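One structure below.
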Ligand SMILES: Cc1cc2nc3c(=O)[nH]c(=O)nc-3n(C[C@H](O)[C@H](O)[C@H](O)COP(=O)(O)O)c2cc1C
């Protein structure tokens, strides 16, 4: 008897606001029209993928004090898009990234309960925690949260949301004209929230929507281990992936959780070709589309902190020194480099040694890997990562809207199905079913249960 | 586009099982399907077959505090609208969204997105809250009185409308030669610094098909009437009779003109509770049954039509032709009974009389309502 294979989980990421989305191709479609979202979602469901995924950003990025105009700018609002997709798909999970700093528990719990009801149990919430004041300037309370408190607020927000979802019993909606089940009032008093009342929205088919987490610090990993069903990670190379996987899964036993109750899904991209050489050549072309000349200069400006538009992207690296005090040149994007001087020195050395232009260097240093090769090679690799615990699957990030995953879904997914690593049919109707996650028992929140009330 | 002066505008309230608190308990109500989106889709199909201007969903953050009903539970109205958008065409989708406890930034992009998804059929019914229950649910404010909550709603609409204008229509240029995806001179920070909100902007969402989805306001109090005259594209009025409706419409139009608006760009619709029956007596019996089920629960206030489809069609035509109103928001007492009656009996009579359209005049709700599409304020400031 063969040992059942560990199952691969796959999500489809709608390409969005970042430098990896290629918009200059004739077949790159609208980032806004619903038809684009519908195409990706329907094709993902036809291939039996676990879910469709939307990222979020709540302020337009700015560079040198102006809106950054070189990448895709603008996106629709996350939850209404997912609600609309619920109408044109039947099984596909619908994952929305919603920030925990700029939302209130009563409202966001209600929105996710609604999405779960409207989709028949397919809702998931990707919890992100960025608390920056630049984004906060769009909200009435402004940038009110110190960075250190981002996960404290997130944890309390989730605790309140769970209490609200649990305040309705599973069978509270009886459709019984005479009788009624029960719903409970919730009362929560904490450092970030004081919430009291009767939640107006029924419990969704999943009990709780599936919770994703995206955030990479130690605090983020602790929060994921304590809270999440899925981690959306950026550790997509084999060794890095394995290290991250162990690090997060090792946090689970102390919390009384089984390893398979938390799935780790890195973002990755796939470039296919008829031969390895074809695929490598396509990948090279795509990288150059992703990093335009002006885009390469803007990328360097983020590190240098000074205007570099006078430099030729096809020429050598700028000979000026970075401005150490100008870390805010780009806003609305996580800045990874604190002191630019060692970075600049290393890049100069590399460009010199490998004879790289500005654009070549940016292509080299922003390369995130991903899978490049024939469909068979890519299927082998995805399966290897999963069987050897470098991940539990992947969130596939295409570089084109909306057809960017068509080839992967048509060729790689069937190969994974053939080897028994990926489902040929959905096992159940809900996203929890697809991910093999338990459904939370009703009424598990340790919140005060006051005043039992009959419901319709 | 010219619309016959005899043509009326008709919206349909699809909240809950109907505005009567006991509607869900009468036969045929399918109460187990109250939260089933396919039930709503069937109702919207019916409304669309009747080419009604729009369907409308109420919402509040608390359970029906304003109405004494035994039915509990409600879904987020904006997401319900979004869920219905891809499976409908022609008909407007009006979602009620609060301003007292929400962020205008979130509200703006949600409505813009429904407008994108529906290709121009979204509208926003503005709600505000003075309820202690909702205040406690959010736990970050003091209870506000109506004047205060309405003043805040007025400023919130201001912020939202600015955000809707923050992208000019042609901001996305995809200029391959220069590598620019957008023309950033056509995307504007709103830099709103008002009494209650400081919001930088821009919206993250590009301008939607209608530019500005219509704003619907229930003019049910004196602060609300002033707010409606200032901000609303569609005003819902609660009336006692035709004369009352005519007076209210004239007052709203005058108040709008006084704040510099064109009154012809406002539609004033009267709310009417609809209880249909084959005969007037049968309709009265239906209402009596509902009221009896209600025990001490109150039936909804305001003007009610309790009678035949022909009588309702005559009333609609009469009030429209005499200019008392621009149309009605029909509130079927029990959705599962009265929606079919409206679509299959009332509307055909109105069409036959030349008092209602038999097709949609365009693709957007603004087209249907005969309202112009506004230009972005920032575009005109530069031109
Ligand atoms: C893979 C990944 C994807 C992310 N996607 C988003 C996103 O779509 N929107 C967002 O606001 N933040 C996003 N973030 C950033 C998170 O908000 C993150 O929580 C933030 O960086 C602060 O947490 P940390 O210090 O633990 O990383 C993402 C982070 C990761 C690792």
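Each residue, glycine too, has its Cβ placed from N, Cα and C.
Remember, TrEMBL labels are computer predictions, not curated facts.
For B:1-31, the entry in TrEMBL reads region 'Disordered'.
If you look up TrEMBL, you'll see B:25-347 marked as domain 'Luciferase-like'.
The FMN binding site annotation in TrEMBL covers B:59, B:96, B:221, B:222. According to DSSP, residue B:59 (FMN binding site) is assigned to coil rather than to any helix or strand.
Sequence-distant contacts of the region 'Disordered' (B:1-31) (same chain, six or more residues past either end, CB-CB distance under 8 Å): 39-40, 43-44, 47, 50, 52-58, 64, 67-71, 74, 92, 94, 234, 267, 269, 273, 289-291, 293-294, 297-300, 316-317, 320-321, 325-339, 342, 347, 350, 353-357, 361-362, 367-370. Long-range Cβ neighbours of residue B:96 (FMN binding site) (same chain, at least 6 residues apart, Cβ-Cβ under 8 Å): B:56, B:57, B:58, B:59, B:60, B:77, B:124, B:125, B:126, B:127.
For the domain 'Luciferase-like' (B:25-347), the model's pLDDT averages out at 94. Taking Cβ-Cβ distances under 8 Å and a sequence separation of 6 or more, the neighbours of residue B:221 (FMN binding site) in its chain are B:146, B:150. The FMN-binding residues named in the record, B:59, B:96, B:221, B:222, extend over a maximum Cα to Cα distance of 22 Å. Around the Cβ of residue B:222 (FMN binding site), the number of neighbouring Cβ atoms within 10 Å comes to 11. Neighbour count (other Cβ atoms within 10 Å of the Cβ, all protein chains): 20 for residue B:59 (FMN binding site).
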